[in-house]
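So that you can see what the record holds, here are the features copied from TrEMBL:
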- 7-279: domain 'G-protein coupled receptors family 1 profile' (DOMAIN)
- 39-57: transmembrane segment (TRANSMEM)
- 108-126: transmembrane segment (TRANSMEM)
- 155-181: transmembrane segment (TRANSMEM)
- 221-242: transmembrane segment (TRANSMEM)
- 262-286: transmembrane segment (TRANSMEM)
Amino acid sequence: YGLGFIGNILSLIIFFSQEEFRHVSTGVLFILMTLSNNIHLWTLITEFLAVFNIYVYSGVVLRCRLNYFIQNLSRTMSTYLAVTIALDRLIRSELPMRSRIICTRQNVLKLTLVYLIIFSILYSFWFCPMITLNPITNTCYSGQSPIFSDFIGNIYLPVRLIIVCIIPVIIMSLANIRMLFNIRQSRRRVDPRNQIDNTNIPAVSTSIITNGRMTPIDRMLFYMMLISVGTFVVTQIPFNIYSLVRANYETLDMYTHLLVRAILLIWSSIYFGIGFYLYCLASPLFREKFIRVTKKLITFICRLRPA
């Protein structure tokens, strides 16, 4: 969790320090997703500390209702911001002219607000008074209400699996496949071997070749998007499927269940903190910008030291 926080903060520093990144809708989406990831990591840390009887929040409202509300809201927001990133890049490859109208920072902020309202309503049930503290174990539970427990196991978890896992995986996978196809087709069109040998139109050929290549910032965003999608698929599916299966088939004893859930929860949490490190590995431009920002930061700190 600590490395995740550090990585997300470094990502935000790099994002905010690059003007061309802030002026692109995809860049704004990455900034918002990183902020949401940090919020989600905070809720996971508070839940993790509670295992060792270290409570960040006092009272049932903060510990059992608000914290779980924010945890689920931030997880879903991060997921759908990642979906929007994939769709943003797809629109840019499918509709390069119209994307200037569709893929704007204003539209990103409007859509984020819509997400926030819809998912806040979806998870508002976490504020129900049936969610309370167990006086014996001092943990959050909803066992006092069989109806509410049935709602969690038979309605909420299947719906969450569909909304937060299955639908995003399908959309992001299809968007990536289509975009990779578009890039491949574009490269074929600009391949010199496929160009008509006509010395009378050199300017047109040059223009086509230029338009067929991604700019460095576009290439960086493309790599970052692929990493985000791939990491999401690998880390989120196991936890969501296990949560649904466990709610309907209690084949494991409580100790084994808690152990398996903890392992899968930690695995799913990797997605919200590993982005920076994968970006550095996959994108040379991101590494270059990170090194540049680090040098500026070191220079600034050295200047603050007294002579």
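Backbone N, Cα and C define each Cβ position, glycine as well.
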* **CB contact flag for the transmembrane segment (39-57) and the transmembrane segment (262-286), at least three pairs under 8 A** => yes
* Who are the long-range neighbours of the transmembrane segment (108-126) in its own chain, taking Cβ under 8 Å and residues 6 or more past its ends? -> 25, 28-29, 32, 65-66, 68-69, 72-73, 76-77, 80-81, 84, 88, 151, 156, 163
